[in-house]
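Q: Dumping what TrEMBL says about this protein:
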type	residues	note
DISULFID	CYS20-CYS29	disulfide bond
DISULFID	CYS58-CYS67	disulfide bond
DISULFID	CYS96-CYS105	disulfide bond
DISULFID	CYS110-CYS120	disulfide bond
DISULFID	CYS131-CYS140	disulfide bond
DOMAIN	1-30	domain 'EGF-like'
DOMAIN	32-68	domain 'EGF-like'
DOMAIN	70-106	domain 'EGF-like'
DOMAIN	107-141	domain 'EGF-like'
Amino acid sequence: MPCLNGGTCTDGVASFTCACVNGYTGADCSTNIDDCASMPCLNGGTCTDGVASFTCACVNGYTGADCSTNIDDCASTPCLNGGTCTDGVASFTCACVNGYIGDICEADLCKPNPCNHGTCNHAPTGYRCICQDGYVGDHCETDLCEPNPCNNSGSCVRAVES
């Protein structure tokens, strides 16, 4: 058999021709066509040639027969506390809502409460302390009655704001 790899031989006058099956070429069908020559694997994927076929080994972050599909790293909703996820290649970033920080918005700026004598509220710049009556400061750390500001042995009483 002068035709290899399943090729069909046609006898001629002092010659022959081969009709090769898909995936082979050459006068005697001995050459496997390199299906990777056209570089079908995208985004850095590695091509492995087969007979009339190829397979792609995709780099991290891509999938699909030709590695053309970016894996959605936000599909598992990794951002916590209302954060917004933006997909990257084998990565993601979170945009946190007011009052939360961290790679996945896991840290609440109001826990533990940073306001000594007050209530912590989330704010565009992080958080804001709402102080109890008689206390002031960024963290409600200053007691207006300590030290006693009253003269002549007067008593300082924290007034309720009206």
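Note: Cβ is positioned from N, Cα and C throughout, glycine not excepted.
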Q: How big is the gap, in Å, between the Cα of CYS58 (disulfide bond) and that of CYS20 (disulfide bond), rounded to a whole number?
A: 31
Q: Would you mind reading off the Cα separation of CYS110 (disulfide bond) from CYS96 (disulfide bond), to the nearest angstrom?
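A: Cα-Cα, rounded: 14 Å.
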Q: With a Cβ cut-off under 8 Å, give me the same-chain residues at least six positions beyond the ends of the domain 'EGF-like' (70-106) that come close to it.
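A: Tertiary neighbours of the domain 'EGF-like' (70-106) are 43, 60-63, 121-124, 126-127.
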Q: Run through the Cβ atoms and count how many others sit within 10 Å of the one on CYS29 (disulfide bond).
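A: Summing over all protein chains shown, CYS29 (disulfide bond) has 21 other Cβ atoms within 10 Å.
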Q: What whole-number Å value do you get for the CA-CA distance of CYS29 (disulfide bond) and CYS131 (disulfide bond)?
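A: A Cα-Cα distance of 87 Å.
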Q: Whole-number Å distance between the CA of CYS67 (disulfide bond) and the CA of CYS140 (disulfide bond)?
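A: Between the alpha carbons of CYS67 (disulfide bond) and CYS140 (disulfide bond) there are 56 Å.
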Q: Is it possible to get the count of other C-beta atoms within 10 angstroms of the C-beta of CYS96 (disulfide bond)?
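A: 20, counting other Cβ atoms within 10 Å of CYS96 (disulfide bond).
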Q: Helix, strand, coil: count each for the residues of the domain 'EGF-like' (1-30), based on DSSP.
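A: Its residues divide into 0 helix, 12 strand, 18 coil.
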Q: Fill in the CA-CA distance, CYS105 (disulfide bond) to CYS120 (disulfide bond), as an integer in Å.
A: 18
Q: Given the disulfide-bonded residues CYS20, CYS96, CYS131, tell me which ones have a C-alpha lying within 10 Å of the C-alpha of CYS120 (disulfide bond).
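A: Near CYS120 (disulfide bond) by Cα: CYS131.
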